[in-house]
Amino acid sequence: MTIEKTDAEWRDQLSDIEYRVTREAATERPFTGRYWDHWARGIYHCVCCGTPLFESSTKFDAGCGWPSYFAPINGEVIAEKTDHSHGMVRIEVQCKQCGAHLGHVFEDGPAPTGLRYCINSAALKFGD
């Protein structure tokens, strides 16, 4: 992790939902985030540090209510760790640059990877 800020700095920078999702690993409600049904062409960046994370060309409708992608923009931007919360074992996805919680990755996605990166809209900022 190369970008580190104090809790107060993150709170000043982020909205309440962005802070809860990215810094406290909360999950936004399905079908409520700004990007779950967003199909413009461009890049989805980390809301905390601006790192490019996902390209719109890898986004697909998984029917789950969260933005879903079959691959990150490259292998250097995402960190994965085992998450034992809520009585489940899942793989948490974090921004490698700032440690922001993004969501989880599952092995039920489409070709070519077979992966579904299920990401909270509050963890993302869309742009070019």
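Cβ coordinates are placed from backbone N, Cα and C, and glycine is handled just like the others.
The domain 'MsrB' annotation in Swiss-Prot covers 7-128. If you average pLDDT over the domain 'MsrB' (7-128) in this model, you get 96.
Sequence annotations record features per position, and here Swiss-Prot assigns Zn(2+) binding site to C46, C49, C95, C98 based on sequence analysis. Non-local contacts of C49 (Zn(2+) binding site) by the CB criterion (under 8 A, 6+ apart in sequence, same chain) comprise I3, C95, Q97, C98, A100.
According to Swiss-Prot, the feature active site, nucleophile maps to C118. Within its own chain, C118 (active site, nucleophile) has A62, C64, W66, P67, S68, G103, H104, V105, F106 as residues 6 or more apart in sequence whose C-beta sits under 8 angstroms from its own.
Listed in chain order, the residues near the Zn(2+) site other than C46, C49, C95, C98 are I3, T22, V47, C48, G50, T51, K96, Q97, G99, A100, each with its Cβ within 8 Å of the site Cβ centroid. Reduced to three states, the DSSP call for C98 (Zn(2+) binding site) is coil.
Neighbour density at the Cβ, taken as the number of other Cβ atoms within 10 Å, is lowest among the binding-site residues C46, C95, C98 for C98.
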